[in-house]
């Protein structure tokens, strides 16, 4: 091969290699650009259309590393869409209730820094349950705990921890409140927090950690709310609030809130005469609440809330085994489903019940006169038949030698049904135990079960003689 042929051959090979390298670089550049722009797109499974990621709440930020010829490209995988809760599954069929949680706050206060609280409740987001309570701005072993029997002071705040975690010094103070309610709409928490002067209180509506709306007292007489969870269906949450006399006519209103903004207010209608401290649960597509009549009835009022047209109806639980305290002996107590029974209506205590076909599950103190002991049972026909008194599946939660207090319901969505759970406030200190100057509580929590269960008693358990004065 002569020199000219060698030059031509070498040149041809070099040109071929250069062309191949150029094509590879173009391919790498095209891949890089494509992946960069697809980083901000998701495939919608319903319509196979490309949707932007930006409006979607990010639960996880996953990064996938792709290696191409020593070139590293980072690609963000779009997360699943977070949806509002609708609670459309049926209610679980249960045989009774099984123990779920107990925080032992008072026992732990004997040797640790635990908040003084009252008015506890439980509520769950789609993945986890939390316990709430209204703190008194002090721990128990602290001179500020003197006088914490009082309900409304400016230092009270709403506390929030994972269920089962006592309210220690690291507990988050969600808002300023001496009355509250909380619920999760599937995307974020809503907290309704009431504080201020008795004659001119303010309710703040905090959504996703931001104050979105507020409303002032409308009757200038202790604006107050549920002291248990509110309920959200398809992005709209509802909460029951009362302003007015605690032992006479008051003004109850049902508020509808969308992402923290009040979108509608409905007045109470129906036959209920007095409403306080409702325990509400989803009954798709609506919401149902069992409340406290602090004026005329020891039978509990019922509020039915239509989430579509904002209409309200109210009545009373039909069961002749009534749920409030104080109350008449079971042999002489009554309820006609529509009206207060005018039997020891004042004062009362927060409680709960829920319908199960024609029957009703309910909880109440064992004592008919004071907040001691706690029991649950089902009343056959208790939701549909006036003065029904056939009791089955009774369980003792706290024996009658120990103090109880408020109780309320919360709902948990399972794979196939919605379970009903309840908590019991276990009050210690004043007014019943005058050796100490404080008033506080722990809680015990039970949930519905379709299985079998045993017996027991789950009181607070603290020896008052071991406690700080």
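Backbone N, Cα and C define each Cβ position, glycine as well.
On a predicted model such as this, the values are computed, not experimentally measured, just so you know.
Residues or ranges marked as topological domain 'Intravirion' in Swiss-Prot (evidence: sequence analysis): 1-6. Per Swiss-Prot, the feature region 'Involved in apical transport and lipid raft association' maps to 11-33; the stated evidence is sequence analysis. Annotated topological domain 'Virion surface' per Swiss-Prot: 30-469, in sequence order. Per Swiss-Prot, region 'Hypervariable stalk region' is recorded for 36-88, and the stated evidence type is sequence analysis. The N-linked glycosylation site annotation in Swiss-Prot covers 61, 69, 70, 86, 146, 200, 234, 402 and is backed by sequence analysis. The region 'Head of neuraminidase' annotation in Swiss-Prot covers 91-469, and the record cites sequence analysis as its basis. For 118, 152, 276, 277, 292, 371, the entry in Swiss-Prot reads substrate binding site, with the evidence type sequence analysis. Summarising the annotation, Swiss-Prot assigns active site, proton donor/acceptor to 151 and lists sequence analysis as the type of evidence. Look at Swiss-Prot and you will find 325-349 tagged as region 'Disordered'. If you look up Swiss-Prot, you'll see 406 marked as active site, nucleophile, on the strength of sequence analysis.
The secondary structure of residue 118 (substrate binding site), as reduced to three states from DSSP, is extended strand. For the region 'Head of neuraminidase' (91-469), the mean pLDDT of the prediction comes to 98.
Annotation: 292 carries the greatest number of neighbouring Cβ atoms among the binding-site residues 292, 371 [cut-off 10 Å, Cβ to Cβ]. When the glycosylation sites 86, 200, 234 are compared by the number of other CB atoms within 10 angstroms of each CB, 200 has the fewest.
Remark: of the glycosylation sites 146, 402, the most isolated position is 146 (fewest other Cβ atoms within 10 Å of its Cβ). Ranking the recorded positions 146, 152, 277 by Cα distance from residue 200 (N-linked glycosylation site) puts 152 first.
You'll find the Cα of residue 292 (substrate binding site) roughly 11 Å from the Cα of residue 406 (active site, nucleophile). Of all Cβ atoms in the shown protein chains, 24 besides its own fall within 10 Å of the Cβ of residue 276 (substrate binding site).
Looking at the residues that bind substrate per the record, 118, 152, 276, 277, 292, 371, the two CA atoms farthest apart are separated by 21 Å. Sequence-distant neighbours of residue 118 (substrate binding site) (same chain, six or more apart, CB under 8 Å from its CB) are 133, 134, 136, 148, 151, 405, 425, 427, 439, 440, 441, listed in sequence order. Cβ neighbours within 10 Å of residue 152 (substrate binding site), excluding its own Cβ and spanning all shown chains: 17.
Cα spacing between the residue listed as 'active site, nucleophile' and residue 146 (N-linked glycosylation site): 22 Å, rounded to the nearest whole number. All protein chains considered, the CB of residue 151 (active site, proton donor/acceptor) has 16 other CB atoms within 10 Å.
Helix, strand and coil counts from DSSP across the region 'Disordered' (325-349) read 0 helix, 0 strand, 25 coil.
Within 10 Å of residue 402 (N-linked glycosylation site), counting C-alpha to C-alpha distances, fall the following of the binding-site residues 152, 276, 277, 371: 371.
Its own atom aside, the Cβ of residue 277 (substrate binding site) has 25 Cβ atoms within 10 angstroms in the protein chains shown.
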